[in-house]
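Trainee: This is the feature table in Swiss-Prot:
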DOMAIN    4-499  domain 'UvrD-like helicase ATP-binding'
BINDING   ALA25, GLY26, ALA27, GLY28, ALA29, GLY30, LYS31, THR32  ATP binding site
DOMAIN    526-853  domain 'UvrD-like helicase C-terminal'
Amino acid sequence: MSSTKWTDEQRQAIFTKNCNLLVAAGAGAGKTAVLVQRIIEKILDKEEPIDIDKLLVVTFTNAAAAEMRERIGDAISKGLDEDPESKVLRKQLTLLNKSNIMTIHSFCLQVIKNNFHTIEIDPNFRICDETEGILMKQEAIDELFDELYEIENEDFINLVESYASRKDIRLQEVVLELHRFAKSAPFPYTWLLNMAEGFNVGENFNFEETLWADMIMEDMKVLLHGFKNMLQQSIDVILNSEGIDYYYEPFKMDLSFINSLLEKSSFKEFRGEIIAYDFPKLPLKRNKDADKEAKERVKKLRDRVKKRIIELRITLNSYENEFTKKEFIFLYPSMKALSNLVILFDKKYEAKKRERDLIDFNDIEHLCLSILTDKNSEGHIIPSDIALNYRKKFAEVLIDEYQDSNLVQEVIMSMVSRVKGYWSFYNGQLIFNEEEINLEEPQIGLDIPNRFMVGDVKQSIYRFRQAKPEIFLDKYNEYSEEEGTKNRKVKLFKNFRSREEVINGVNYLFKQIMSKTIGELDYTEEEALKVGASYGEEVKGEPIELCLMDKKYEISEEVLKEYNVDEEEALDNIQLEGRLVAKKIQKLVGNNLEGGLKVFDRKLGEYRNLQYRDIVILMRATSNWAPVFVEELAKEGIPVFADTNSGYFDTAEIKTMISLLQIIDNPLQDIPLLSVLRSPIASFTDDELIDIRMVNKNITFYECMEIIYRLYKNEKLDSYYSFYIEDENKINKIIKDMNEKLKNKICSFIEKLKLWREKSIHIDIDEFIWFLYVETGYYGYAGALQAGEQRQANLRILFQRAKQYAKTSYKGLFNFINFINKLKFSSGDMGSAKILGENENVVRIMSIHKSKGLEFPVVILSGTGKNFNMMDLNKNILFHRDLGYGPDYVDTERRIAYPSLVKNIIKNKIRLETLSEEMRILYVALTRAREKLIITGLINNMDKTVEDWLNLSEDKNKVPEYAVMSGKTYLDWIGPALIKHKDAVSFREELKMTSELSNIVDDKSKWKIELWNKRELLKEKVEEDEVEISEKIKETLMNLEESDYKEEIYKRLSFKYKYDNASSIPTKLSVSDVKKQFILDEKENTEELFKKLELRKPMFMEEKKKISPSERGTIIHLFMQHLDLKKAENEEDIKEQINRLIEREFITYEQSKVISSYKILKFCRGELGKRILNSNNVNKEMPFSIEIPALEIYKELDKEIYKDEKLIIQGVIDCYFEEEDGLVLLDYKTDYVNDIEEIKNRYEIQIKYYEEALNRITGKNVKDKYLYLFSVDNYIKID
């Protein structure tokens, strides 16, 4: 029936029968077309036709299911056009409506509805929406915590103290997250208990023989392979260079050591050899004929190897068996208590759902699983009778996007497919055993495998939803490509989407960077995409562009700091990258007549000019970047739309409406009340609000308004308000002097608010919100503003949310506000309403995840210099589906907390899995492009970064795995791969790179690397910002004819705030700010602050990036905070403490170099060190906040007006300790000292406030105050 010319591989995927078939379909390989054609061939097979309702087709989304149904329907209809009398076709068209083409959740729901009686669930159950689920979970966990507090449950209290930092909401977050995580396991309770039992080790526990030890060793071997390459490269240089052959022996010994480690299979031997190895010293020979450049190069490479081996040694030292065993034993009670707490929460949550006849989204899969599974006498999980009936029913089970399956879904599909075997637990893990199982009835004809699975593991990007790409990979590695096997795989890697230039570039890049370690698959020639699309010869393809820009300012750090540029830099960098992209788009589009890019239009069958709709800008995440890009593109006149999933609650119209709802629920909230009063809903001016506040500064703003309202209306004040009125005559005078218009305004607002509060009780929340839209006129007002259609759409979404909420079992304004707040501060924030259609001629900005499955003529991948998000690794308890819990070790009695050894292992595992996911996300992004691909990114210090890339080019075929593992951005992967490409030669020359590259790769891919000048883009930005506002105003006024408008504009522009001086006083100051203020007061003019500043060299001219003085101070302060003086008898003790901080990742090895063990020892042995050692009460890094009169800092203010104005001073005291007759205050300084008196004067005011803070907090006298100066290894006393 099909006229399509299928490739041989596609034909195999369509026609292969009687086996489990895994189809690995690369990007653009036409997998959906193949899947649809396979179904059509099945139902129209002349020998063995299968009715379409006998096929189970599982898709990833409802849209995919609908598209598949439509394609099949079109194919059947086309067949009927050719053969109108065909009974087979007519039957299949009829059956299509009841076909089982659906998402996994739709199938599970069908199973539940058909078999509800087997799981004791009410047949009238409904699925609770996200709104109700959030509220029920919060209610359940609040009740559970209250109950456990009430009975003083010891395990629970210990958990709170250990992992909640005295705020049980943090423990609630841990429980909710772990609950969600456990639900991705087929049997959550079993998983939770097994993971806790992993800590229950016996006396015979030997860490060196555990899975943990093997993981550590395997991870380290990846690094060792990199070291081996570096040493082998060095030996090659030694043998091919003049006069440095005496280096050969020590390098050969090092290489033998690395090779020996790589052969080790025993962790004990591996650990012992690394700890014992002593690097041989390099001979100190001088040879005039020696190749100095080669000599220096191999020394640097060896130093890098030595440094990393020392770091591994430090790590391995911590994995001592007895210490590790004690950790496991100590953590077991807490982890068991945590698992039990999650189970208790789940039971309470389940009870609440059952009370309301509800199930949630997670329940759908788990209830289906419980219907389809049974246990045999051996405890193995086997198909239930119901599952066996499904096996009889379905002739074939076809699964789309198989790489995104999770373990629950895999078990479900195995129950309804004809697979031999059973599931069982082994070492806490659920695994499938492909063995014969004994069933009561023989399953005649059901022994023929019937699973069809299609997907691309390189596009598995949903691990955050607990997708498990290993499910696909295990089959991919096990299945054979040979015909006739029961488990077979077919590879579809011919790409029918992209130009050859895009394909070749993607292949080159991923051959260089993707591996089993990072990406979970070796990207070999066999895995590479093959060109399948034809674009003719009329228009030649273009190279892939990489546009780079150095984000460092070429001015001194001091000047940046003075002007707060460091705070604005991040935003400016996004703006500048957005501007760069705008320039590229303008060039691509041209004037739409000539000069622009030509793209092939498949519908027209010819080339045409590029349009804005043909371009997509992809980003890893759009929340912060997209709005800035939209603004930059709009400035250049480029129509643009950003498809974001956040920012909804930050829009002005939604913030205003939520504030209004908050004050209707409770008007005693100043911030939302002022937000409403300043909005068009109430239209109060700043002056009016100040006049209201003058009634009483010690009560809420609403209470001030209520007092005015009651006194103006001659109503008697009740005792509550009377209590707050110290002088009634004074209040009466304020109200009497108040503008009559303002008093009426207040009364009108109070009366409206009371009416709204009353109305909110009697109608549903959705009706009430729409009533407010109309009553206040705010809906119409929002529509009249710029982007009014968008604003009104956002307000309609709030109304729809309220409508959903009204259908739940929760009622009332208070609960609705709580629900909205929960959404706002969780991942439930939404993007603004979508008001653009798919065919609008605009550039689209979207996340890479949103782009999956789509394609565009031009793709611009931006933000490649942005760091990967590794924030989850900082949580105090980590979760891994296979390895279990990775908690901090917290001993509340000894007040000790640090990452446990098992946490460090899990942390590294999650980090590698996250990097693998990022690798696949990058692959998805680059394979969306049909004709043109552009990559943009910012680099911190271009010259140094590119030099680092060059140092990683020892292997022309692969970027070293250790380098890929340490990557923090996409550019950290792309850069080292491209710098050795033949097309990067001119780029290196532009940067005046002197390093010679012996491994230039002559690959057929085409690249164009551009270095953009940030200064030029910044200059344009500054020039725009410097357009005189007054000129714009003048021009506007010239165009106004009606004098009334002129007068109003002049009046508004000449407005002067009554308390202008007060507005410049911050509410909080740090002690450092106070110090700066006093320095400013002492200067005659500000020129003194600038005249000594010198512009430092730009970073690309510096040989090596140095740690700044401020960073150095921070590092030394951090070490002093953790210094244990009792274990600091010599320099070796101090070095050991430094290494411990490196090991615990408080500082890096590079940062540790600024800590002088000699200087620290001098402090320890000095008078102050001895006094600290003798004290029984030593406190370090103590934060404080104290209130002081503003006049104490801002002496220029009017003393009468500002006598009651207060400031909060904040700071952190480095160290204080107690002696018999009082406290001793100590502050560390790392400044360079020229003049002792100058230092004393500089810090005198700072120490004064530290002293005052200590006096107030402790109530004890500070008898001595010292500055310890590390630059001179001495202290000075402050009087």
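Positions of Cβ are set from backbone N, Cα and C atoms, glycine also.
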Trainee: Indicate whether GLY30 (ATP binding site) is helix, strand or coil by DSSP.
Mentor: coil
Trainee: Taking the mean position of the Cβ atoms of ALA25, GLY26, ALA27, GLY28, ALA29, GLY30, LYS31, THR32 as the ATP site, which residues outside that list, in the same chain, have a Cβ no more than 8 Å away, listed in sequence order?
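Mentor: What remains near the Cβ centre is VAL34, ASP456, LEU492, ASN495, PHE496, ARG497.
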Trainee: 10 Å Cβ neighbour count around ALA27 (ATP binding site)?
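Mentor: Other Cβ atoms found within 10 Å: 23.
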Trainee: So if I measure Cβ to Cβ from ALA25 (ATP binding site) and keep only same-chain residues at least 6 apart in sequence, which ones fall under 8 Å?
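Mentor: Within the chain, ALA25 (ATP binding site) has Cβ neighbours under 8 Å at ALA13, LYS31, VAL34, VAL454, GLY455, ASP456, LEU492, PHE493.
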Trainee: Using a Cβ cut-off under 8 Å and a sequence separation of 6 or more, which residues in the same chain sit near THR32 (ATP binding site)?
Mentor: ALA64, GLU67, MET68, ARG71, ASP400
Trainee: Which residues, sitting 6 or more apart from ALA29 (ATP binding site) on the same chain, put a CB under 8 Å from its CB?
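Mentor: The answer is ASP456, LEU492, PHE493, LYS494, ASN495, PHE496, GLY532.
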Trainee: State the count of C-beta atoms found within 10 angstroms of the C-beta of GLY28 (ATP binding site), not counting that atom itself.
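Mentor: I get 24 for this one.
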Trainee: Sort out for me which one of GLY26, GLY30 has the most neighbouring CB atoms within 10 A, since those are the binding-site residues we care about.
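Mentor: Result of the Cβ crowding comparison: GLY26.
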